[in-house]
2 protein chains.
Amino acid sequence: MNMRNSQKSGEQQYLTPTQVADMFKVSPITVRQWSSSGKLKCQTTPGGHRRYLPSDIEEFAKTSGINLTTSESGPKRVLIVEDDAQLGHLLEEFISELDSELEVYRAEDGFRAGELLHTVHPDLILLDLMMPGMNGFEVCERVKRDNKTRDIKVVAMTGYSSEHNVNRILAAGAETCLSKPIDFAALRTILAPLTQQAHA
Amino acid sequence: MNMRNSQKSGEQQYLTPTQVADMFKVSPITVRQWSSSGKLKCQTTPGGHRRYLPSDIEEFAKTSGINLTTSESGPKRVLIVEDDAQLGHLLEEFISELDSELEVYRAEDGFRAGELLHTVHPDLILLDLMMPGMNGFEVCERVKRDNKTRDIKVVAMTGYSSEHNVNRILAAGAETCLSKPIDFAALRTILAPLTQQAHA
DNA sequence: TGGTAATTGGGTAATTAGGGAG
DNA sequence: TATGTCCTAATTACCCAATTAC
């Protein structure tokens, strides 16, 4: 079970030459050249090894027009935004067992949702539209408006699926809108693309 | 002996190996090597673990020719978490006029707060404890528990400042707890360190 | 005060990185 | 322009018991 709950902060905020090389699909030596010629900014360790910040990489990617094959290769991540503990847990279990390769995170409030959106950068969000202090429609709109997050698929969930609400959330960029109680068969179908890629 | 709690309002005077490692973009193991080979001075706890003084770090950085322009550089950022539009705007105005160098952001809901926490990584958070769908105490605890955000100062604001609540938020790691209506003179004092550094 | 998870130190081996000439 | 190779140095991984944080 590859379930990753809330508090995890073992991310690395710097990149080594080989990691950068992998991102651009070139050899580490080439990355070294880019740095020594000043094309790619870098910091150095006291021992003289180069360290790269994500911002430096992005800038270089834009300047040189090379598209970076970022972390598309890693395991797929799903973020569940649901304040109901019971349903939330059920969804966690269901998705984890669908594919043990999937990393499942859950936010039980808006703050946590905002945090996880940017710290784990999920591939898909299961979003409860009706949560206290959080407007699900707005959240979806914001996700789709931000360049950094617009590639994330949003699957809405609501207990009041009026035609108006469904149209509104779809217009905001959501993939689909599931009515509660959740049809798990439908959910499985929706998640199929993620599991297929994870197995590939 | 609890080192984290002993640094109530100021900076931490000792740095752990991991913290030093982050500063130099290196693994903790490497820091250990620097110390055991005598390149990096250090003190030790009674149990034999290494602790570093900022002065030791600076000296080592100079010797190695590294600029310690970690994340301390750049303009200071303040995040206001307040759902009341009127008060929120007032705070924005006040802080902006206190020092035009300060960057002021505002979150009107929990989701936005979580987003901004990680996207702008503020130096200080003005946190309303009573917001719908968001437990201010929990938020503060989470901020202080995460290595990435624990250096962020938290200033709480509440309309119901019972002694119990004040103690609870201070125990969670907040700098102070302001009662509403806000005492702007007190707020100015609290923000003084930021404005001074911004001008330096 | 007691319990549990995370960090640390030591030592050795494995990996990665930098520089330069091809 | 990008890369493969050689040599040396810097950095990291791994193991386990002790220490520390909360």
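Just so it is clear, glycine is given a Cβ too, placed from its N, Cα and C backbone atoms.
According to TrEMBL, the protein carries these features:
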type    : residues : note
DOMAIN  : A:77-195 : domain 'Response regulatory'
MOD_RES : A:Asp128 : 4-aspartylphosphate
Problem - Composition by DSSP (helix, strand, coil) of residues within the domain 'Response regulatory' (A:77-195) - result: 55 helix, 29 strand, 35 coil
Practice task
Please average pLDDT over the domain 'Response regulatory' (A:77-195) for the predicted structure.
Solution key: 92
Handout entry: Neighbour count (Cβ, 10 Å) for A:Asp128 (4-aspartylphosphate)
Key = 24
